Amino acid sequence: MLLLLGLCLGLPLFSESQEEARSWDDTSEQVVLRVPRQLRLLQRLKTKPLMAEFSVKSTIISRYAFTTVSCRMLNRASEDQEAEFQMQIPESAFITNFTMLIGDSVYRGEITQKDKKSSESVKDKRNRTSDDNEENGSDMFKASLVIPSKDKAAFFLSYEELLQRRLGKYEHSISVRPQQLVGRLTVEVDILERSGITSLEVLPLHNSRKKGSGKAEGDVGPPPSTLINQNETFAKVIFKPTVVQQAKIAQNGILGDFIVRYDVEREQNIGDIQVLNGYFVHYFAPKNLPPLPKNVVFVLDISASMVGAKLQQTREALVTILNDLRPQDRFNIIGFSNRIKMWKDHLLPVTPDNIRNGKIYMYHLSPTGGTDINGALQAAIKLLNNYVAQNDIEDRSVSLIIFLTDGKPTFGETNTLKILSNTKEATRGQICIFTVGIGDDVDFKLLEKLSLENCGLTRRVHEEDKAGAQLIGFYDEIRTPLLSDIRIDYPPDVVEHATKTLFPNYFNGSEIVIAGKMVDKKFDQLHVEVTASNSKKFVILKRDIPVEFRKMGNDVSVTPGSARDGGKDLNHIERLWSYLTVKELLSSWRQSNSEQEKEQLRQKAQDLALNYHFLTPFTSMKLRKPGLRTNQLEDTYGMSAATGPATVVQNLREAGKQPEPDLKKTYDPRIKISKTSVDGDPHFVVDFPLSKLTVCFNIDGEPGDILRLVSDHLNSGVTVNGELIGAPAPPNGHKKQRTYFRTITILINRPERSYLEITPSRVILDGGDRLVLPCNQSVVVGSRGLEVSVSANANITVVIQGNIAFVILIHLYKNPAPFQRDHLGFYIANSRGLSDNCHGLLGQFLNQDAKLVGAPEEYGKNLSNQPFPRAEGMPEAILKVKGRRVPVVWKQRKIYNGQAQVDCWFDRNNAAKLIDGVYKDYLASHPFDTESALGLSTPRKPETDRPHEESV
């Protein structure tokens with residue numbers, strides 16, 4: 001697939017990009033220090049942008065793989081430079097999302113109906129490139145843009161595929177070809193198979209067609225720096241080579257294919273059937289059955305273009321294949337150019353003499369003349385039809401043609417449509433044709449359609465890629481047919497739609513996969529019936545599968561990354577069903593010769609692809625610049641998450657799925673709003689839930705003061721500082737000035753250091769990569785156990801490691817009065833992760849208790865802090881906190897933008913005696929100061945020179 005996207009944009013990537021670029025420079029210089037001296041000159045000579053990070057994350061759930069590629073680039077040059085992102089993806093995969101970051105904009109790929117006139121469309125051409133690094137069975141995705149000087153850009157690509165079982169194993173291949181050495185290179189593969197993982201191996205890097213390949217002859221075992229963790233149903237594989245390790249593999253950054261191969265535990269009988277939320281998948285792969293006899297004709301191109309290594313390697317491969325034929329098989333050999341050279345006029349049994357004579361015949365075939373593909377196929381089909389018609393075959397057998405060519409039809413019938421129709425008419429659905437295209441000049445589309453229409457498979461073999469070995473490998477996939485005429489039935493009153501259920505053959509080591517959509521979710525079981533032929537008998541298998549509609553521990557829900565689908569949850573089985581259905585519609589469309597039928601198939605495939613965000617030949621991808629509007633920005637920035645539509649995979653080991661933020665509300669619905677907060681000028685509220693008491697106080701600070709609100713740096717690693725801004729006091733007020741929080745800084749040093757700097761207009765998140773988010777657009781981002789949810793112009797919710805949560809309220813004024821300032825409020829929503837030693841103006845009360853020890857009779861039931869006051873100006877009560885007696889009065893105070901009202905005991909004395917120490921003890925030297933908030937072993941006396949004014 002060649003997907004070429006060119007954007008010449010000259011926007012700054014983020015605000016303060018010069019400073020960020022310098023920080024990236026520092027990182028890249030550290031990378032250079034780790035590179036061997038002989039490689040430094042090579043890096044200096046590069047004129048293309050530096051790739052700072054290349055990350056691939058694959059999550060495989062019951063053979064269905066979600067893969068996301070993330071790439072970050074930096075232009076260190078003094079002029080604009082073009083950056084190209086390219087990624088080989090499996091030929092069978094569907095792209096589901098592509099996103100680019102440049103300037104302050106996020107360019108998201110939107111799957112739309114195919115519009116040939118649109119110049120912005122990214123088309124699914126399904127054409128292979130001529131690039132040197134193109135591998136068999138893969139397509140190339142390319143995108144390019146111009147990065148301004150000293151700026152950076154990022155690319156994010158997501159795709160999905162169903163892994164096919166070949167030779168008894170599933171193989172997941174990831175292209176690791178960043179084209180340069182990368183400071184941070186990571187490949188991570190998670191495998192979840194509820195039936196159990198029986199074998200798992202990581203192969204050496206495979207890159208046979210590239211000069212820079214690090215795969216040496218005799219390489220065995222996984223690549224260096226590969227880590228494998230596995231239990232019965234789950235496996236995690238991580239490949240994280242250093243720059244030095246990359247250089248030893250390939251100095252040009254073309255490392256090759258990272259391949260994970262595995263198999264699963266399977267039932268001997270009906271197969272593995274999984275049901276989830278109205279959809280099912282059926283994996284059928286029987287074993288330990290006697291093989292069916294084969295009737296096979298080898299058809300070999302001996303035209304002039306096959307001279308040399310191609311013909312020699314093909315002969316050697318066929319010698320190996322002939323040696324592998326079983327005694328019950330029948331075979332023949334045809335060589336063709338512009339003449340059809342048939343070894344014998346009938347099929348021969350497999351005997352030592354016949355095998356020897358067949359080899360001799362092959363070696364006497366000499367290349368000459370043109371290419372009569374139609375004539376060769378008709379001769380082979382006639383041999384097989386005659387054998388079946390003339391022999392009373394007791395054993396059921398499978399008729400196969402293995403057809404090898406390196407070119408296009410040049411002699412006899414050359415019209416491809418006529419060749420296809422002639423072949424289909426002659427085979428009558430009874431003969432399977434397996435085609436092999438050798439070299440780059442072959443008419444691969446013709447071979448592909450020949451196999452597609454005649455129950456076969458096709459392979460492309462590059463002549464410089466050990467063609468003989470590839471041919472033998474292809475034959476190994478079909479050498480052992482176990483069943484024929486397979487039919488799998490499900491009750492029509494239960495299953496609304498199922499993918500293909502009729503299969504001509506089943507070969508040992510492969511797998512039949514059927515997915516279906518059920519009529520109704522309210523039933524207890526799914527009846528499955530399999531009928532097939534095996535040698536001398538029919539095989540009938542029946543079973544009722546219990547259906548439990550629940551969130552199973554080994555099932556994983558997948559959440560689309562687009563608001564267009566209304567936020568509905570799509571499970572992996574539903575996506576597998578849609579994937580197979582689209583594939584089958586495309587296959588039927590290619591085979592159809594009726595324009596009306598083709599249009600109907602095209603429309604069905606297009607509608608399904610649009611619904612599930614698949615890039616197909618009937619859909620296109622348009623890049624839109626909507627700004628940061630959706631609540632799925634973690635799909636763009638989250639390097640460790642599977643990103644893009646339909647690839648945000650939830651916790652692989654837990655059954656529950658966390659709800660997503662509802663941006664229509666003014667706060668994250670997962671977060672319960674707490675009374676413990678500081679807001680306004682600044683008004684502090686502290687909740688003591690055990691005592692059913694709420695205490696409030698004011699701090700009259702100075703503009704520029706930085707207050708320590710939460711200090712738990714040595715334990716949980718969290719510190720929160722707030723910087724004050726000044727404003728004139730309102731007319732006739734009792735205060736000389738007001739102060740508000742203009743900046744809240746949250747610092748985290750576990751598990752890795754990161755910080756958040758929040759103002760009413762923006763959020764700066766530095767979790768390894770610096771990210772600037774505007775507060776006027778709703779987004780959700782995640783990094784290193786930190787989740788930040790911005791609800792536009794309303795609030796920011798910060799969740800740390802799942803057990804600490806803060807809500808920062810945004811106060812904005814359209815037409816502010818002189819005494820008003822845009823400012824922030826800070827609320828502690830979840831403090832479970834903070835330690836008992838937590839301190840700060842708010843933090844010191846989180847694990848404390850308070851008690852009213854003396855109050856006048858006028859308060860009555862107000863000791864429980866529930867009733868309303870009888871009147872204002874009530875006398876003082878005494879509150880006991882940490883052994884200190886604090887005079888307080890009862891008051892009502894509004895919090896959370898006036899949406900809630902709390903009854904609290906108010907300390908009028910600027911928190912004297914209530915807090916440990918005095919106000920100055922809570923002043924930080926700068927916003928990123930993490931020193932202990934208070935170094936006192938005993939309380940100090942309150943300051944006497946601070947104003948003790950009450951402000952409400």
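Glycine is treated like the rest: Cβ placed from N, Cα and C.
Per Swiss-Prot, the listed range annotated as region 'Disordered' is 933-952 (candidates: 213-232, 553-572, 933-952).
Taking the glycosylation sites ASN97, ASN231, ASN508, ASN795 in turn, the residue surrounded by the fewest other Cβ atoms inside 10 Å of its Cβ turns out to be ASN231. Among the glycosylation sites listed here, namely ASN231, ASN508, ASN776, ASN795, ASN776 has its C-alpha nearest to that of ASN97 (N-linked glycosylation site). Spacing of ASN508 (N-linked glycosylation site) relative to ASN795 (N-linked glycosylation site) is 59 Å (Cα to Cα, whole number). The separation of ASN795 (N-linked glycosylation site) from ASN776 (N-linked glycosylation site), Cα to Cα, is 10 Å.
Here the Cβ of ASN776 (N-linked glycosylation site) has 15 other Cβ atoms within 10 Å, regardless of which shown protein chain they belong to.
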